[in-house]
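Here the structure is laid out as structure tokens; the discussion comes afterwards.
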Ligand SMILES: NC(=O)C1=CN([C@@H]2O[C@H](COP(=O)(O)OP(=O)(O)OC[C@H]3O[C@@H](n4cnc5c(N)ncnc54)[C@H](O)[C@@H]3O)[C@@H](O)[C@H]2O)C=CC1
Ligand SMILES: O=C(O)C1=N[C@H](C(=O)O)C[C@H](O)C1
């Protein structure tokens, strides 16, 4: 399959390595905003760029009917517009705040736990995410997906990084060294705590998930999620 990489930083390079190992060809590596892109050879585009660049990269691909796998976080204020442009152009799209298999299982576990905790008022939820010091956005996209998973299955109404109200989930974002990505959710009462945690040991899981998603989307039209790709029901 011919893959175009939008963004050739830490993730772009890791994705290239995995895609080549799986027999794919990299037909473009785009690192800056440019008008001279040849879309004709692309079967799928994978965007791991920057919050400020993702929307334009993704929508340009849709206009050329190139399916997109998007992993860039911090641009979701334009998500609905991007989905509309995908549909209008009969293209295909998967966005995931986290492409790793482990985190996608963790998303399911988080929702299941939130449902069980819903009626237990004595427990208060909180979340912590830790990433490397070069990360541009906070909280992480993964933390936002986790917070939405709790909100959709409980009486919590939102999330906040600081000064969370009683019905909001407090999120602490820490930036430490080279940390690839650690997310934990804690339910604490006066007598005990329950904690679930996912720790990425490196970036390989994110990159493999993105390449698997690219293989899966080839030839499809529409808007999908990693739940579809991984058959998580
Ligand atoms: N969904 C997931 O599983 C994961 C998502 N991410 C997200 O992916 C994004 C990239 O992460 P990293 O590779 O670690 O960052 P990075 O900073 O190492 O790489 C970003 C690259 O984008 C390039 N870039 C800047 N403007 C561009 C443009 N207009 N078009 C194309 N490329 C452009 C930069 O030159 C840089 O090489 C971040 O938003 C991060 O949060 C990171 C890991 C996993
Ligand atoms: O920027 C990163 O590195 C990561 N970003 C994603 C996020 O914001 O959740 C996924 C992963 O945690 C690594």
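The backbone N, Cα and C atoms fix where each Cβ goes, and this holds for glycine too.
Features reported for this protein in TrEMBL:
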type     : residues                       : note
ACT_SITE : 131                            : active site, proton donor/acceptor
ACT_SITE : 135                            : active site, proton donor
BINDING  : 31, 71, 72, 73, 96, 97, 98, 99 : NAD(+) binding site
BINDING  : 132, 141, 142                  : (S)-2,3,4,5-tetrahydrodipicolinate binding site
DOMAIN   : 1-99                           : domain 'Dihydrodipicolinate reductase N-terminal'
DOMAIN   : 102-230                        : domain 'Dihydrodipicolinate reductase C-terminal'
Sorted by sequence, non-132, 141, 142 residues with Cβ within 8 Å of centre, (S)-2,3,4,5-tetrahydrodipicolinate: 73, 97, 98, 129, 131, 135, 137, 140, 143, 181
Nearest of the recorded positions (131, 132, 135, 141) to residue 98 (NAD(+) binding site), judged by Cα-Cα distance: 141
Mean of pLDDT values spanning the domain 'Dihydrodipicolinate reductase N-terminal' (1-99): 96
Of 31, 72, 97, 131, 135, i.e. the recorded positions, those within 10 Å of residue 142 ((S)-2,3,4,5-tetrahydrodipicolinate binding site) when Cα atoms are compared: 97
Residue 141 ((S)-2,3,4,5-tetrahydrodipicolinate binding site) CB neighbourhood, other CB atoms within 10 A: 21
Those recorded positions, out of 131, 132, 135, 141, that come within 10 angstroms of residue 96 (NAD(+) binding site) at the Cα: 141
Separation of alpha carbons, residue 131 (active site, proton donor/acceptor) and residue 141 ((S)-2,3,4,5-tetrahydrodipicolinate binding site) (Å): 11
Alpha-carbon distance [the residue listed as 'active site, proton donor'; residue 97 (NAD(+) binding site)] in Å: 14
Rounded inter-Cα distance in Å - residue 72 (NAD(+) binding site), the residue listed as 'active site, proton donor': 11
Reduced DSSP assignment, residue 73 (NAD(+) binding site): coil
